[in-house]
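These come from TrEMBL:
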BINDING   Ala23, Gly24, Ala25, Gly26, Ser27, Gly28, Lys29, Thr30, Arg282  ATP binding site
DOMAIN    2-284  domain 'UvrD-like helicase ATP-binding'
DOMAIN    285-568  domain 'UvrD-like helicase C-terminal'
Amino acid sequence: MSQLNPRQQEALAHVSGPLLVLAGAGSGKTSVITQKIAHLIQNCNTPAERITAMTFTNKAAREMKERVKKLLPSEKTRGLTVSTFHQFGLQFLRYELINTPLKGNFSIMDADDSKRLLAELMVRDNLSGAERADMVGKAIKMISDWKNDLVAPEDAERTLTDPEDVIFAHLYGLYERNLRAYNAVDFDDLIVLPARILKDNERVREKWQNRIRYLLVDEYQDTNTAQYELIKLLVGIRARFTVVGDDDQSIYAWRGAKPENMALLKQDFPALHVVKLEQNYRSTNRILASANAVITNNEHIFEKSLWSDKGHGELIRVLSSPDDGVEAERVAKEIVTHRLRHNNSWEQYAVLYRSNFQARVLEAELRSLQVPYKLSGGTSFFARTEIKDVMSYLRIILNPDDDAAFLRIINTPKRGMGSATLEKLGLFAQEHSLSLLSACSHTGLKSAVGAKAGATLASFGEFIEHYTRELYDNPDPMPLVRQMIMETGYIDYIKEDSKTPQQEKNRLDNIESLYSSIHALIDRAEDDDEKSIEAVIRKLVLLDMLEQQQEEENTNKVNLMTLHAAKGLEFDFVYIIGVEEDILPHRNSIVSETVEEERRLMYVGITRARHELTLMYAQKRRAGKEYRQTTPSRFLDELPSDHIDYPAKRQKSADPNKVATDYLANIQAMLAAKRKG
Ligand code: ATP
Ligand code: MG
């Protein structure tokens, strides 16, 4: 990297007190963090293991680590912590286990698991089906908000008056009790528990404050209350930290992020030094002008003005397509021809969108043109519900102590185990230091959970043990795996549970491809040990983790991702698709009047582009069997017209065949509308 500018150097040199770098997109904030880590190690005698840097996504953390490694010889970076807030929290909990309410092999519930648990708790609370359906989502949101605001269940219950909210607060208490009984934590706990321990336990707090001599945080504008609290507790009064952020890129308010945390810093740390960066090193001036023009429509906390020495650059193109299918086809074809013409590589291109569903049509088009692409943040194979379910059956065969797997399958398919019973089972297991599965076959269980539930649990335990015995040391385990899953009733459950025949087929196909992978692993195994079901499941679990990593790997492929996932990244050629009302801004934001957050998302999207930016919208979009007319996004009207190449301007040079077919389609649509009317 070329020399840092004087402002950036100022940020590097300020090492003894609190520092905030407040600056717009592409101005080198993340670069300041990585260079500062190197500076601290190289020039300030700070051992790497005394430095901690935090960010929000795995991808960002990995990239940051790599950037530091390029700056220093490897022996100098040993022991450096660069992680996400959640990874840090997990490490903290493992380290401080005796100070937590948890046991060693605690499990982590993902969002899906939390949802199931809450749904169960609602059944137990006698909430009727209709009420439940729309309440689960709301309950999860409220509970997560409470946790991220560090509000305990007792406090939530005490302060509320609205009867519906009181039910949620009550559920929150139940939910927390169940998590503890299962020796489990959810994602929010990974931040909330460390913050609570640091707050309540002076000895632990001092230890960590001594251990972390310098703390750096990227994307600070997206911290929520719990994360900010964690930062404050880790830095203590010495306050040796650097946080960098851009309030215009705050896009996680819906997850409790508080851009006000930027203003709070000054209050909490009066010695705070603030550095502003204004030169953008990423984009052309037309791209910056567009970003600035859009974002000025928001209320600002801090005014910023970005400039770049990269010249005007190409006009920003706004393209309109007759429908979403054509839109996808157009992006795919454009990328193919553009790449050929300029002799580029695939990875220089990114297609960004507001919601994951928009990727589907696009993926089909890219596949048909044989364009290699990678999808970040979508649902990968191993993250699919049915795969996670079947894998959980296999995981518990591999490890009878896997409580998270147990909880996933004990009621999938339904075995009538209510959450009250499961809580009792959890407590019983805890008292006897057993895993949930082992507790099922304990003779004393019946008196704890009742005869009927006790019998069901015992027979479930026997079922798993039976197959564990049969599967181990079996030279040909595959037919047995099939038989086991069939016998659990899971396949019938899928048939009943699927909402459409297509969904049923997809889910069954997915399970079949899991079976095929098992087959393939067995076929490819070189010796008998490797053919064992144990080795095969172990490999599958590993594959699962690898797939998650691979997804992020920097190979030569077109990048497909949501605007949220694109934060902090940069690409030479960026396409944003579906720039329409109800998509971007998202429909919910229009209803709840939070369009400003969507505008920031648009700002994030625009500022990802280095050389060329194309914004696309479709005139109609498929919704189920029908097409729905759309309206171009209000954000398009906010663009500075001098820098934009609008569709109308280009119409003259457009393909005459295309113009004719569009014209015909329009007339047909009008006629159809008339006939209807
Ligand atoms: P974002 O707000 O999008 O996260 P950022 O402020 O973190 O952006 P960086 O990603 O650090 O910005 O930098 C943007 C680009 O500018 C990178 O390619 C980086 O290498 C380059 N860059 C940063 N500082 C300089 C500099 N002083 N000279 C030249 N290039 C620089
Ligand atoms: Mg950055």
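All residue numbers here begin at 1 and follow the chain in the order shown.
Cβ from N, Cα, C; glycine included.
Whatever TrEMBL says is automated annotation, not expert-curated.
Checked against ligand 2, the binding-site residues Ala23, Ala25, Ser27, Lys29, Arg282 give Lys29 in sequence order as having a Cβ less than 6 Å away from one of its atoms. Secondary structure from DSSP puts Lys29 (ATP binding site) in a helix. Taking every pair among Ala23, Gly24, Ala25, Gly26, Ser27, Gly28, Lys29, Thr30, Arg282, the residues listed as contacting ATP, the largest Cα to Cα separation comes to 13 Å. The most crowded of the binding-site residues listed here (Lys29, Arg282) is Lys29, judged by how many other CB atoms sit within 10 Å of its own CB.
Same-chain residues at least 6 positions away in sequence with a Cβ under 8 Å from that of Ala23 (ATP binding site) are, in sequence order, Lys29, Val244, Asp246, Val275, Lys276, Leu277, Glu278, Lys304. Within 10 Å of the C-beta of Ser27 (ATP binding site) we count 28 further C-beta atoms, all protein chains included. Around the Cβ of Ala25 (ATP binding site), a 10 Å sphere holds 25 further Cβ atoms from the protein chains shown. Sitting within 8 Å of the Cβ centre of Ala23, Gly24, Ala25, Gly26, Ser27, Gly28, Lys29, Thr30, Arg282, and not among those site residues for ATP, are the Cβ atoms of Asp246, Leu277, Asn280, Tyr281, Leu306. Mean model confidence of the domain 'UvrD-like helicase ATP-binding' (2-284) amounts to 89 (pLDDT, 0 to 100 scale).
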